[in-house]
Every structure is written in structure tokens, then in C-alpha cells.
Amino acid sequence: MDLNQMTTKTQEAIMSAQSLAVSHHHQEVDTVHLLFTLLEEQDGLAVRIFQKMNVDIEALKQGAEGLIKKKPSVTGSGAEAGKLYITGALQQLLVRAGKEAEKLQDDYISVEHVLLAFTEEKGDINQLFTRFHITKDNLLQSLMTVRGNQRVTSQNPEATYEALEKYGRDLVAEVRAGKIDPVIGRDSEIRRVIRILSRKTKNNPVLIGEPGVGKTAIVEGLAQRIVKKDVPEGLKDRTIFALDMSALVAGAKFRGEFEERLQAVLNEIKKSEGRILLFIDELHTIVGAGKTEGAMDAGNMLKPMLARGELHCIGATTLDEYRKYIEKDPALERRFQQVLAEEPTVEDTISILRGLKERFEIYHGVNIHDRAIVAASVLSDRYISDRFLPDKAIDLVDEACATIRTEIDSMPTELDEVTRRIMQLEIEEAALGKEKDFGSQERLKTLQRELSDLKEVASGMRAKWEKEKEDIHKVRDLREHLERLRRELEEAEGNYDLNKAAELRHGKIPAIEKELKEAEEMGAHNKQENRLLREEVSEEEIADIVSRWTGIPVAKLVEGEREKLLRLEQILSERVIGQEEAVSLVSDAVLRARAGIKDPNRPIGSFIFLGPTGVGKTELAKTLAQSLFDSEEQMIRIDMSEYMEKHAVSRLIGAPPGYVGYEEGGQLTEAVRRKPYSVILLDEIEKAHPEVFNILLQMLDDGRITDSQGRTVDFKNTVIIMTSNIGSAHLLDGLEDDGSIKEESRELVMGQLRGHFRPEFLNRVDEIILFKPLTTNEIKGIVDKIVKELQGRLADRHITVELTDAAKEFVVEAGFDPMYGARPLKRYVQRQVETKLARELIASTITDNSHVVVDVENNELVVHVK
């Protein structure tokens with residue numbers, strides 16, 4: 001036989017048969033080797049044809065394997081290595097296969113011709129085929145359903161058989177099988193798609209919209225309507241095939257192979273005479289798909305059929321990709337009719353989630369509260385700004401359900417703690433068993449008593465946990481069964497099988513519903529007892545997931561955090577001394593935000609801190625970050641002195657297209673995208689170029705900035721603090737005797753501020769806070785704070801440091817300058833106190849666990865160790 005007259009798959013099967021014979025130490029390749037290799041290929045044509053005939057493939061394969069084992073094997077010195085003979089039976093089989101190819105007017109001998117030749121085989125294979133009722137007639141019948149009226153004109157024809165099943169999914173069949181979730185709403189878009197599909201020409205809708213708004217769901221909704229026959233007469237009995245472009249392209253090694261596959265798909269659709277609607281998700285992938293030098297891409301192959309109306313195609317793609325790929329090819333674009341899929345509102349999303357609720361409950365085996373559904377829609381809309389409804393809300397519910405599900409499957413915390421304690425005591429028991437002294441024996445007895453008690457508790461808890469798990473799984477299984485029966489009822493009613501419908505509606509379904517109700521009531525009764533497992537998804541779980549995703553504290557305040565927030569003003573005052581007004585205004589803004597009564601479309605608070613250097617402006621921002629997030633690292637600090645040139649503005653929001661660094665994003669916008677809940681400190685704003693403030697206007701008013709990539713960055717959960725030294729000279733000179741700022745000084749400072757910044761900028765700031773110069777008493781408090789920080793650094797060596805009143809007076813006198821604030825004081829303590837301590841520590845005069853007193857003698861600071 002000429003191998004060139006065989007298809008690639010037949011050649012591969014013969015080669016595999018040779019390898020099989022060698023592995024079994026056979027001297028010849030026979031028909032049974034070839035049969036076994038054809039059955040070995042899972043996705044092969046032989047397997048597909050036998051599946052159509054309802055043949056048990058595994059049993060047939062075992063039968064063939066049994067025949068192979070009967071063959072004599074030759075090993076040892078008598079075996080001729082590398083020599084294989086083809087039996088006369090196999091040669092005759094291939095000759096018969098050639099005749100079958102001629103009968104079917106095919107150019108090459110394909111796998112189906114070999115199978116037809118097997119049906120005329122005598123001996124063991126004939127008996128095997130008879131056992132499985134495989135005859136030439138029923139084989140030909142199955143072959144026609146797989147192959148249709150195609151001829152074998154190439155060496156790889158198997159790739160073009162059942163092309164749609166191989167390279168696509170039947171959405172209507174999936175709906176019937178209950179694999180697709182229900183589609184709620186979207187009626188106007190589905191109606192528009194139906195109208196376009198009912199046109200004579202250009203009947204190809206393309207769904208365009210943002211990612212996650214439900215474009216694919218609209219097509220699934222159409223498939224559900226087709227199943228329910230809730231479509232016009234022209235669309236009844238249609239089927240929707242979702243084309244998998246990646247499967248089409250994958251493995252197409254040679255030129256023309258991709259085109260051959262796609263042509264096979266298109267021919268099947270053409271032959272269906274409009275019965276098949278082709279759905280291409282990510283439509284932009286057809287532009288350039290399979291394009292190599294001199295070849296056509298998928299888009300150009302589709303155009304003629306689209307224009308003639310031979311191909312009903314539904315596309316779906318995002319706005320950006322439609323603009324980038326489809327609009328650039330006007331000939332392709334004009335063949336599609338646009339259907340814009342808008343993002344649903346929060347109310348619509350709540351309806352969608354209510355429709356999906358039962359599917360999630362069945363899948364995860366949990367109960368979802370309606371409050372959780374409302375929370376998922378509202379919180380995702382407010383806090384997750386870079387994604388779209390309903391996708392982000394569905395993800396929240398799904399993850400919250402998964403969290404509860406993993407808790408159900410994992411060991412409860414209480415039981416885990418008891419089990420670990422038992423393990424710990426068992427280790428101790430083994431160790432004490434080796435000791436012979438009286439004390440160890442007494443401890444062993446006590447330990448064994450405790451161990452037996454704990455084991456009893458653990459076994460009780462384990463039994464309770466298993467029972468609770470069993471109850472939850474029982475409810476889940478009943479729900480799944482009920483859903484299956486409802487699907488069967490729908491199918492029976494659709495097929496007018498009234499007997500089956502009556503049996504389901506009045507017999508099986510009420511019985512399962514009754515059983516489910518009893519199981520749920522039992523579960524509700526058990527819930528009143530102290531349960532180990534929880535199966536409810538509430539708004540707290542949703543809020544936890546939002547907090548985990550975004551870092552924004554959305555969950556209800558726990559007691560510790562509530563106390564911390566109420567004491568926020570006091571906490572800030574401990575670190576920022578002498579600036580009561582500033583501390584009060586900032587803490588009030590944070591309280592309003594956490595109580596949920598702030599304007600949701602503006603930042604938590606925006607402040608301008610004015611005052612001389614070293615009075616606590618930057619320190620307050622750091623303290624706020626530390627108090628809210630337990631870390632000063634959560635503060636986004638931008639030194640505005642770096643933005644003195646006009647072009648430096650682009651560094652905040654990213655370079656415009658065409659400039660170096662366009663892909664990198666802006667320093668401010670990228671930082672906030674990663675930490676949406678943070679304190680933003682714009683230090684020394686008067687140093688920045690006036691153009692910078694134009695960018696800040698939207699941030700202060702609407703809580704958002706659009707960066708150079710066109711992404712909207714959300715500032716609604718940030719505290720914006722801007723510091724400036726404007727008017728500090730007036731503040732230094734204009735103090736009352738009680739330390740407050742004179743009214744005329746305040747007016748002078750505000751006048752200078754208005755002269756430097758535009759009214760539209762100042763008008764958007766919540767509060768302009770004047771920091772007053774520090775008085776001597778406040779400076780003493782700062783000295784205490786500096787010493788406390790020093791003690792913190794020495795805490796691991798258990799060394800305490802104390803300054804006498806005289807030493808404090810001396811430090812204040814020598815180190816404080818009203819013009820420079822508290823910073824010189826810190827430097828003075830560093831130079832005079834810390835240096836002396838360091839010298840004594842290195843000399844080992846001060847040892848661990850010492851108490852150090854700093855005093856004044858002969859007009860200088862001295863260190864005494866006690």
C-alpha cells in the first residue's frame with residue numbers, strides 16, 4: 001500500500017500499531033494492533049463514531065487488548081531485533097479500505113474506511129464486533145451523521161468533521177442541561193438582538209460595552225428564550241454555537257490548516273440554512289486570527305457570508321477593543337449592527353443577584369441573606385471603582401459564599417484548639433512516663449485526668465460538627481435534586497409530555513419540597529443551640545471581602561476600633577502638642593467618614609495647614625496615618641517642591657501619550673489606586689507651580705482624577721492634607737497673651753493665602769487651619785515626648801531615662817527658637833543628651849536595667865546612673 005494515499009491520522013495509527021507490536025515483543029503487526037491504536041485515541045474519529053453507536057469504548061478496548069495478549073511473543077536470542085512483518089490480514093484490510101474509499105469517492109484512505117474494512121474481517125475481530133452489535137450498515141449510518149456529505153480531499157479531513165462540536169459550544173443545549181445561570185433583566189437588549197437577527201440582510205448584532213456588564217449574559221438570555229420558545233417564529237428551533245477561536249487556531253501548524261478548519265465551521269453553518277446562530281465572544285480576535293504571509297485572516301473569510309446573510313453572527317467585545325480593531329476595518333464594521341450594553345444600576349444589580357441567589361446557595365450549600373445581596377450591590381458600586389456592575393457584585397457574593405463554605409469544610413476553631421491541646425498533653429504525657437520521681441508521677445496523674453476530660457469534650461464536639469456538616473450537606477443535596485426536577489418539569493412542558501409533567505408537578509416536586517422544608521426547619525431549630533458551624537452569608541461577610549479587596553474599612557466597627565475612634569482626638573493630641581483646633585477638625589472628619597454620614601462623592605476631608613516651621617503640621621499627618629492604619633507607611637507623601645516647573649504636573653497623573661513614561665502612570669494616581677484608603681500629604685504646597693492646583697480641583701471637589709491612561713482614580717476614601725508656610729511671619733508676631741492667634745494676624749494670613757492661591761482652589765478645601773507658634777509650656781510637653789521616644793529605643797535593654805525639671809527648663813531655654821519651632825529642640829536633645837548617653841553606654845558606665853537621670857550642674861547637662 002502507498003502511504004501517501006492515506007490520511008495523516010491513518011498513517012499515525014499504522015505507526016502506533018507497529019510500536020504496540022514492538023512493546024509486546026510480537027514479530028508481526030496484525031489487524032488487532034491497528035484496531036487497538038484507533039480506540040486508544042480519545043478524540044479520534046473511531047471513538048466518535050463508536051460513541052454515536054452507543055458502543056462501550058472501554059469494553060471494546062479491553063476485548064481488543066485480550067486478543068493482543070493471545071498473540072505469541074518472542075524474546076531472547078531468537079528474536080530478530082528491529083524486524084517487523086505486516087501480516088497478510090492487515091495488508092488485505094488496507095486493500096479493502098482503499099476500495100471503501102473509492103466507493104465513497106474519496107481521494108485518500110481515512111480512518112472511517114479502515115473501520116468499514118474491519119466489519120468484513122473474519123475470525124476473532126468478527127466475533128468481537130458481533131458481541132458489540134457493530135455491523136457495516138449501522139457503522140455507515142453513524143459515519144454519515146459525523147461526516148455529513150463531505151468528501152475526503154485532503155490528508156487531514158478528520159479536523160473538518162463535526163467542526164462545530166469540536167470548535168464551539170452549543171449554548172441552547174447547555175441551557176437545557178441547566179449549565180447556564182438564569183439571566184435576569186436585559187430585556188430591551190435581548191429584544192434589540194432579536195430584531196436585528198430577524199432582518200433580511202446585515203442581521204448580525206454586535207454587543208459592545210465595558211467588561212463585566214453582561215454582554216455574554218445577553219446571548220445566554222437569548223438561548224434561554226429559545227429554549228422556552230419565547231422568541232418570534234423565525235428564531236424558534238434555532239441553536240446558538242459559541243465559537244472558540246483559540247481551539248480553531250491551536251495546533252494549526254501548516255499553512256491553510258486554520259482556513260480549512262474555519263471553512264468547515266462556516267460550511268456547517270451554511271448547510272444549516274440559518275438554523276445555527278454563530279456567537280463569537282471577544283469578536284476582535286477574528287481580526288488578524290490566522291493571518292500569515294499571503295494568507296487571509298478570519299475576519300476577511302467571514303465578510304462575504306456576513307454580507308449575503310448566509311451567516312447569522314452575534315459578536316461581543318468591549319468598547320476599547322471595538323474601537324481598536326473593528327472600527328479600523330470599515331468593511332467588517334458595516335456588516336454588524338451595534339447593540340450597546342450599558343452598566344446596570346444598583347437596583348438592577350440587586351434584582352440580578354436575587355435571581356442568581358438560589359444557584360449560589362445550591363452550589364455552595366449556604367444561605368444568603370437578602371441584606372447581603374443589597375450590601376454587595378451598594379458597596380461594590382461605592383468602593384470598587386475600577387470594575388463594573390453586575391460582575392463585581394456577583395464576585396463579592398461568590399467569594400463570601402466560598403468563605404463560609406471553606407469554614408464548613410474546615411475544622412471549627414473551638415475543636416481545633418481542643419485537638420491541639422490534646423496533642424500537646426499527649427507529648428507531655430509521653431515525656432513524663434519516662435520520669436520516675438514522685439513529682440513527675442503526680443503531674444502525670446493530673447495530666448491524664450485532664451487529657452481524658454479533653455478527649456471526651458473533643459469527641460462530643462467532633463460528633464456535633466459531623467452532625468451539623470451532615471445536615472448542611474443534606475439540605476444542599478435536596479436543593480440540587482429539587483432544581484434538577486424543576487428543570488425536568490420545564491423540559492417536559494416544553495415537549496408537551498403531559499404525563500411526565502403531571503407526575504413531576506404533583507408527585508415528585510411536592511415530596512422533595514416537603515422534605516427540604518422539614519430539613520430547613522430542623523436546621524433552624526438547631527441554630528438556636530450553640531452551633532459550631534455557620535452557614536449564613538450576611539452583610540458582614542460582604543463588607544469583609546470589600547475591605548480585603550480594597551483596604552477600605554467597610555465592615556461594622558468592632559468594639560476596640562470604636563473606642564479607638566472615639567479617643568482619636570486624644571491619641572492625636574498626645575503626639576501633636578499645642579494644636580487643639582487642628583487635631584479636633586481632623587478627628588471630626590474621620591469620625592464622620594467611619595460613621596457613614598460623610599458625602600460619598602468627596603474625600604473624607606481636605607485641609608490646608610498653615611503655620612511656621614516646626615509646629616506639628618507634618619507630624620499631625622503622620623500621627624493620623626499611624627492612628628488609622630497602625631503604620632506611617634500608609635501615608636502618601638508628595639513633596640511639592642519637586643513640582644516647581646510647569647511640565648512636572650505630568651508626574652502626578654502620568655505622562656501624556658507619545659512621551660517617555662506614558663505606560664508607567666502618575667506618582668499620585670498610581671499610589672492611590674494601590675492604597676485607596678490613605679492619608680495624602682502634599683507638603684509645602686506654596687512651592688509648587690500654579691498649574692499643579694488645576695489638577696487638584698477635581699480631586700478636592702468630586703473625589704476623583706482621570707489619569708493619563710483615561711482611568712478614573714477614586715480619592716473618596718482619602719484624607720488630603722496640604723501644608724504651607726505662607727503667612728508664618730504674621731503668626732509669629734500676632735499672638736495674644738493666652739497663646740491664641742490675634743484676629744488681625746488671622747486676617748493678614750488669609751489675605752496672603754488668597755493672594756497666592758486661586759479662589760476656585762481655596763473654595764474646594766474643607767478647612768484652612770492655622771497652627772499657632774508653640775509656647776514654653778507646650779515645648780516642655782514636646783521635651784517629654786522626645787524623652788519618651790528615646791526611652792522606647794532603649795526599652796529592649798530595660799534602661800529608663802528621666803529629665804529633672806531643671807534639666808527640662810535648661811533644654812527649653814537652650815534649644816527652643818520660636819522662629820524654627822520644635823525641630824531645633826529635637827536636634828539639641830540629640831546633641832546634648834543622646835550623645836552623652838551613647839558615650840556612657842559604650843564605656844559600660846550605663847548597663848542594662850539601669851535608671852538614668854539627666855540633671856543640670858554648672859550650667860550644663862550631666863548624666864547620673866542609679
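Glycine residues also receive a Cβ, built from the backbone N, Cα and C atoms like all the rest.
As recorded in Swiss-Prot, the features of this protein are as follows:
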BINDING   Gly209, Glu210, Pro211, Gly212, Val213, Gly214, Lys215, Thr216  ATP 1 binding site
BINDING   Gly611, Pro612, Thr613, Gly614, Val615, Gly616, Lys617, Thr618  ATP 2 binding site
COILED    394-528  coiled coil
DOMAIN    3-149  domain 'Clp R'
REGION    6-71  region 'Repeat 1'
REGION    86-149  region 'Repeat 2'
REGION    162-343  region 'NBD1'
REGION    344-551  region 'Linker'
REGION    561-773  region 'NBD2'
REGION    774-866  region 'C-terminal'
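Taking only the Cα positions, the spacing between Glu210 (ATP 1 binding site) and Lys617 (ATP 2 binding site) is 43 angstrom. Applying DSSP to the domain 'Clp R' (3-149) sorts its residues as follows: 95 helix, 6 strand, 46 coil.
Comparing C-alpha positions, Lys215 (ATP 1 binding site) sits nearest to Lys617 among the binding-site residues Thr613, Gly614, Val615, Lys617. The shortest Cα-Cα distance between Gly212 (ATP 1 binding site) and any of the binding-site residues Pro612, Thr613, Gly614, Val615, Lys617 is the one to Lys617. Cα spacing between Pro211 (ATP 1 binding site) and Thr618 (ATP 2 binding site): 41 Å, rounded to the nearest whole number. Its Cβ placed at the centre, Lys617 (ATP 2 binding site) has 28 other Cβ atoms within 10 Å. Model confidence over the region 'Repeat 1' (6-71) is summarised by a mean pLDDT of 79.
Break the region 'C-terminal' (774-866) down by DSSP state and the numbers are 53 helix, 19 strand, 21 coil.
Taken residue by residue with DSSP, Thr216 (ATP 1 binding site) is part of a helix. Fewest Cβ neighbours within 10 Å among the binding-site residues Gly611, Pro612, Gly616: that distinction goes to Pro612. Each of the binding-site residues Thr216, Thr613 was ranked by the number of other C-beta atoms within 10 Å, and first place falls to Thr216. Cβ packing within 10 Å was compared across the binding-site residues Gly209, Gly212, Gly214, Gly614, and the lowest neighbour count falls to Gly212. With all protein chains in the displayed structure included, the most crowded Cβ environment within 10 Å among the binding-site residues Val213, Val615 is that of Val615. Cα-Cα distance from Val615 (ATP 2 binding site) to Val213 (ATP 1 binding site): 51 Å (rounded to the nearest whole number).
Neighbour counts of Cβ atoms within 10 Å were taken for the binding-site residues Glu210, Pro211, Lys215, Thr618; the minimum is at Pro211. A straight line from the CA of Gly209 (ATP 1 binding site) to the CA of Thr618 (ATP 2 binding site) spans 45 Å. Looking only at Cα atoms, Thr216 (ATP 1 binding site) sits nearest to Thr618 among the binding-site residues Gly611, Pro612, Thr613, Gly614, Thr618. Taking the centroid of the Cβ atoms of Gly209, Glu210, Pro211, Gly212, Val213, Gly214, Lys215, Thr216 as the ATP 1 site, the other same-chain residues with Cβ within 8 Å of it are Ala217, Thr318, Ala341, Glu343, Phe388, Asp391.
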